[in-house]
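Peer 1: Shown below is the structure under consideration.
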Amino acid sequence: MDRRIFGLETEFGVTCAFEGQRKLSPDEVARYLFRKVVSWGRSSNVFLKNGARLYLDVGSHPEYATPECDDVRQLVVHDRAGERTLEGLLTDAERRLEEEGIAGEVFLFKNNTDSAGNSYGCHENYLVSRHGEFGKLSDVLIPFLVSRQLIVGAGKVVQTPRGAVYSLSQRADHIWEGVSSATTRSRPIINTRDEPHADAERYRRLHVIVGDSNMSETTTMLKLGATDLVLRMVEEGVVLREMTMENPIRAIREISHDMTGRKPVRLANGREASALEIQEEYLEKAKEFVESRGLQTPTIKRVLDLWERALRAVATQDFSLVDREVDWVIKKKLLDRYMAKHDLPLTSPRIARLDLAYHDIHRKRGLHYMLAERGMAERVCSDIEVFEALSVPPQTTRAKLRGDFVRAAQEKRRDFTVDWVHLKLNDQAQRTVLCKDPFKAVDDRVERLIDSM
């Protein structure tokens, strides 16, 4: 698929630090966060002017689903805009708490595990054609997804009975199946619940739930860009080596705990291969594919370059090659320096706090933002682009129709209902437009509906 629709859904961790007597549960904190949203949207599940969806997910986790994007870089911008949207809710919630005499700070974390061991996710969505074999797609994709934490993991200090270890991925220890239709109960690598949010005869939505939430823009770009290239190769029938794993769930945990990338993983055909070898195989094929198809866009060039350097960094253990571009490496460098400076072990509670602070989405507190400010974490997009994406939908996908409709209805104070495919005015006529084509950014029916307000 030359042009693909992408989207990211990110659940955020919520916590609160209170100074007074009154303590609030995460549920209560979440209600404070969403009070402003509920006051104008009459619900804690709303679509915004930029085409995105904002809602309160199970277990009081705020979730932001980006609008449909047809470009990896554009999606990185909209993913950042989601962080800014939630930062706005956070500031508003703190102000309300203060007005009510409750002293405390609200924290939102873009990570994947809380102190109680609960896991929440960052789900990637890729539109794929209905006509291919989904089984074949997942066969090729699973070894890639299991091993890609080597280059796109968010990193985490894990406390074990034998002491603390640094893992590549936050999510790896919480994945229980390869392919499944459930997302929470049995956390698979690929979720097969068939909800294309598009014409079901033409498309299906590949829902990848194995990935970490990334703070680094360059890591997000690599995660999406490399996965897109692997998908394109499968769609075009590129022959890839048989990499099916004997036990992908055991493999994902073993790989996460091995920073050398060299631990052998048993394959279904009896052979063994390391995460490094598996990733190198996909990278070589992707480079040949891009070369032969003439696909050298600036983003694809940047993705391939970072992919190659990240693997070289793991192979040589010289992480200075990517220590401003890959999340788990950026974070490890930060923790290592702090431990050396203060003579602390990895088990220190101060290190656990630092690990968490890396994922704080408040720009004045979050360590990733501070590093980016000092040039120690590279960017993909500018603050101006992110600011614009807060209120302007992507102009080349269905998100434009939805965003324009929401904006017009709010300005005209009209009652409306919106989801990924429907736009509805709740008037006597109950007029509804069904938008089944996610690639379509212009539609006369939507224009007429807006004009009729």
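Any Cβ shown, glycine's included, is placed from N, Cα and C.
Summarising the annotation, Swiss-Prot assigns active site, proton acceptor to ASP57. As annotated by Swiss-Prot, Mg(2+) binding site applies to GLU9, TYR55, GLU63, with the evidence given as sequence analysis. Residues or ranges marked as ATP binding site by Swiss-Prot on the basis of sequence analysis: ARG53, THR66, TRP420.
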Peer 1: Taking 10 A as the limit, how many CB atoms besides its own sit near the CB of ARG53 (ATP binding site)?
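Peer 2: Cβ-Cβ neighbours of ARG53 (ATP binding site) within 10 Å number 20.
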Peer 1: A 10 Å Cβ contact count, applied to the binding-site residues TYR55, TRP420: which residue has the minimum?
Peer 2: TYR55
Peer 1: Quick one: which residues besides ARG53, THR66, TRP420 have a Cβ within 8 Å of the ATP site's Cβ centroid, in sequence order?
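Peer 2: For the ATP site the neighbour list reads GLY7, GLU9, PHE47, GLY51, ALA52, ALA65, PRO67, GLU68, ALA399.
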Peer 1: Inside 8 A of the center formed by the CB atoms of GLU9, TYR55, GLU63, which other residues of the chain have their CB, for the recorded Mg(2+) site?
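Peer 2: Residues close to the Mg(2+) site, other than GLU9, TYR55, GLU63: THR10, GLU11, ARG53, LEU54, ASP57, PRO62, TYR64, ALA65.
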Peer 1: For a quick check of understanding: given the listed ATP-binding residues ARG53, THR66, TRP420, what is the maximum Cα-Cα distance in angstrom, as an integer?
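Peer 2: With ARG53, THR66, TRP420 as the binding residues for ATP, the largest Cα distance is 11 Å.
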Peer 1: Counting distance between Cα atoms, which of the recorded positions GLU9, TYR55, ASP57 is nearest THR66 (ATP binding site)?
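Peer 2: That would be GLU9, nearest by Cα distance.
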Peer 1: Just checking the recorded positions ARG53, ASP57, TRP420: which sit within 10 A of GLU63 (Mg(2+) binding site), CA to CA?
Peer 2: ARG53, ASP57
Peer 1: In Å, rounded, how far does the Cα of ARG53 (ATP binding site) sit from the Cα of GLU9 (Mg(2+) binding site)?
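Peer 2: The Cα atom of ARG53 (ATP binding site) is 9 Å away from the Cα atom of GLU9 (Mg(2+) binding site).
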Peer 1: How many Å separate the Cα atoms of TYR55 (Mg(2+) binding site) and TRP420 (ATP binding site)?
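Peer 2: Their Cα atoms are separated by 14 Å.
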Peer 1: Using Cβ atoms only, which residues of the same chain lie under 8 Å from the residue listed as 'active site, proton acceptor' while being at least 6 residues apart in sequence?
Peer 2: GLU11, GLU63, TYR120
Peer 1: List the Cα distance (Å, whole number) between TRP420 (ATP binding site) and GLU9 (Mg(2+) binding site).
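Peer 2: A Cα-Cα distance of 13 Å.
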